[in-house]
Amino acid sequence: MSAPMSDLFSLLFAILVFPGGLFALCFGLVLKGLDRRLAARLQRRVGPPLLQPLFDLVKLARKRTLVPDIACKPLFLAAPMAGCVSMALAAALIPIPGVYDPDPLLGDLLVVLYLLAVPAVALMIAGSASGSSYGAIGFSREMALMLAYEGPLLMVLATVAVKTGLAQGGFVTFSLSEIVRYQQEHGAYLADPWMWPAVLAFLAFFPANLGIAPFDIPEAESEVLEGPLLEYSGPPLGLFKVMSALKAVVVLSLGVVLFFPTAPDGAAGLLVHLLKLAVLSLAGVTVLRTAIGRMRIDQAVLFYLKWPEALAIAGLAAVLALA
Amino acid sequence: MTTYTIPVGPLHVALEEPMYFKVEVTGETIASVDINAGHVHRGVEYLTMQRNFYQNITLTERLCSLCSNSHPTTYCTALEAIAGIRIPERARYLRVIADEIKRVASNLFNVAIMAHIIGFDSLFMHVMETREVAQDVKETIFGNRMDLGANRIGGVRYDLDAKNQDYLSQQMERMKADLAEIVDIYRNNSMIALRTVGVGVLPHDKALEYAVVGPVARGSGVAYDVRSKAPYAAYDRLDVPVVTETGGDVRARALVRLREVQVAIDLIQQCLRDMPDGPIAIGGLPRIPAGEAIAKSEAPRGELIYYLRTDGSDKPERLKWRVPSYMNWDALHVMMEGNRISDIPLIVNSIDPCISCTER
């Protein structure tokens with residue numbers, strides 16, 4: 001499977017079926033179901049069935065598409081599609097250690113970085129295209145938050161790229177396959193204390209990107225009525241749910257690939273990878289969001305400009321200094 | 001920066017009842033607020049003048065769910081003042097118990113909603129779980145979870161036998177440990193502090209100027225409580241500490257409510273200890289002569305005033321009440337200005353507005 005697959009069919013297969021598209025969606029929905037179950041148990045509730053996120057999607061798919069009169073219709077409908085496509089692409093770009101190696105034709109870490117920004121941009125467009133003033137507030141919050149967390153993310157990715165590049169005799173490498181290969185040969189970065197600032201900065205990044213407490217500010221239900229999503233219903237809302245399920249898999253996979261990709265080959269490797277994602281999701285997403293409330297947007301931006309930024313700079317400096 | 005208007009309400013997830021705020025914002029900061037009420041006017045005041053005194057006990061109980069016991073209690077007190085009825089000693093204590101158990105549930109509900117608004121849903125669930133004890137008590141003793149149907153002219157409609165007294169004191173004991181933990185969380189949790197300290201501040205002098213009542217006043221350090229200023233029922237026979245906080249912000253008001261739950265539990269236990277035996281009401285349906293009276297009580301949201309004028313017939317000539325939310329919601333102007341958009345629901349919730357009482 002790790003041999004380069006260059007024909008169009010296998011590229012499409014990677015984007016639409018495995019590991020992007022269908023596979024990532026199914027696993028994303030299962031993660032979401034697990035998240036809701038565990039959150040319910042932590043709050044002494046029974047919680048919904050494990051497949052509830054899937055049922056929700058089916059329900060939404062069967063409903064009518066409503067577009068507000070004052071909305072900009074093409075943008076309003078295109079935003080969720082763009083979000084979904086970007087995340088399916090990103091899922092196909094991230095290797096599964098020992099199982100799947102993305103075709104270099106698709107792109108590398110830099111492309112992942114750009115694709116990761118698309119869902120947030122899609123939400124901003126959705127919010128402003130809907131014509132609702134709550135959507136507009138969601139827009140401005142999403143943008144503020146994105147500006148705050150993109151900095152640390154960029155530096156974390158640079159840290160890993162530089163570290164791998166330097167170790168291999170060059171300066172940087174943006175190939176995720178190389179990053180995985182190097183760690184499988186020389187041990188995971190997670191075991192290297194000099195990389196811990198970068199790991200911490202990444203852990204601080206993903207709650208904001210996935211929109212969970214304390215950084216679920218743009219879509220806060222009790223404050224701005226889910227902001228950008230307020231006017232959405234039916235299939236377009238379903239597409240946003242698909243997007244967020246895919247995004248969870250992409251962001252968590254990226255974390256695993258960057259810092260802890262060691263896994264056996266073949267089916268066992270896939271299982272180990274999925275297990276890591278599930279553990280990261282339950283520990284990092286569910287427990288966090290049940291243990292904490294929501295910050296205000298100004299507090300969140302300030303937080304990101306302080307701690308993750310400082311950690312990410314420290315991480316990058318450490319890697320450069322040790323070289 | 002340009003100013004733009006966002007509508008909050010009349011339907012909004014964080015507002016439990018319809019109320020419309022036209023908020024002018026500059027960026028994320030609130031420049032001014034325009035409050036528009038009147039969405040749930042039902043003409044209840046007029047309706048009370050079409051019904052007789054006994055029917056009105058049921059009607060006033062249905063004004064609102066959360067302070068449903070305060071209305072009939074105050075109404076009956078006004079009627080008793082006109083008719084010169086002295087209610088039996090045991091009935092006085094039973095009225096206190098019904099009032100305080102409603103206060104426990106109402107205050108915990110409001111404080112739980114606060115946690116929900118700041119996105120802290122686990123805390124919301126925890127507080128609601130504790131409140132469920134009070135709901136069980138209401139259901140067991142009164143047969144209902146919200147409307148107790150405890151009052152009648154000249155006394156109360158329920159009695160506590162030995163078994164129910166044991167059950168009640170047991171359940172109150174059970175709530176104490178959980179409550180202590182909840183108070184600690186609201187006082188010391190850094191996430192709560194981040195969102196509520198210094199938010200929606202109503203300074204002491206403004207609290208006096210706007211004549212706010214209830215936990216809103218006491219959160220700003222105004223020690224005004226009808227239960228100790230003008231005792232009714234059995235409050236003059238009980239030890240009623242007035243709970244105050246000095247912060248004047250959202251957290252201070254939440255803490256006042258939580259500590260009042262603790263006081264309420266203590267009051268119920270005092271009642272169970274001191275309550276004498278005897279009848280629970282005077283017999284028969286008393287005739288109400290012509291006259292007028294004012295009765296006051298401390299509802300969970302603050303001072304509730306009933307004005308009643310009778311003309312010797314079996315219907316009120318005029319019945320009017322002033323609810324605590326009417327006094328409190330104007331102070332929202334002071335509380336909101338200069339705060340953030342994200343704090344609007346939080347600040348509105350902190351005065352615990354009861355729109356259905358206010359607009360009746």
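Think of each number as a place in line: the chain as shown, counted from 1.
Cβ coordinates come from backbone N, Cα and C, glycine included.
Listed in TrEMBL for this protein:
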TRANSMEM  A:12-34  transmembrane segment
TRANSMEM  A:75-97  transmembrane segment
TRANSMEM  A:109-132  transmembrane segment
TRANSMEM  A:153-174  transmembrane segment
TRANSMEM  A:194-217  transmembrane segment
TRANSMEM  A:238-260  transmembrane segment
TRANSMEM  A:266-288  transmembrane segment
TRANSMEM  A:300-322  transmembrane segment
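Ranked by the number of CB pairs under 8 Å to the transmembrane segment (A:300-322), the listed stretches A:75-97, A:109-132, A:194-217 are led by A:194-217. Non-local neighbours of the transmembrane segment (A:109-132) in the same chain are 68, 70-72, 75-76, 78-80, 82-83, 86-87, 89-90, 93-94, 138-139, 142-143, 145-146, 150, 153-154, 157, 161, 174-176, 179, 209, 218-219, 227-232, 240, 243-244, 247, 250-251, 254; each lies 6+ residues outside the stretch with a CB under 8 Å from one of its CB atoms.
Note on the transmembrane segment (A:266-288): residues 27, 31, 34-35, 38-39, 42, 96-99, 203, 206-207, 210, 212-213, 248-249, 252-253, 255-256, 260 of its chain, located 6 or more positions outside it, place their CB under 8 angstroms from a CB of the stretch.
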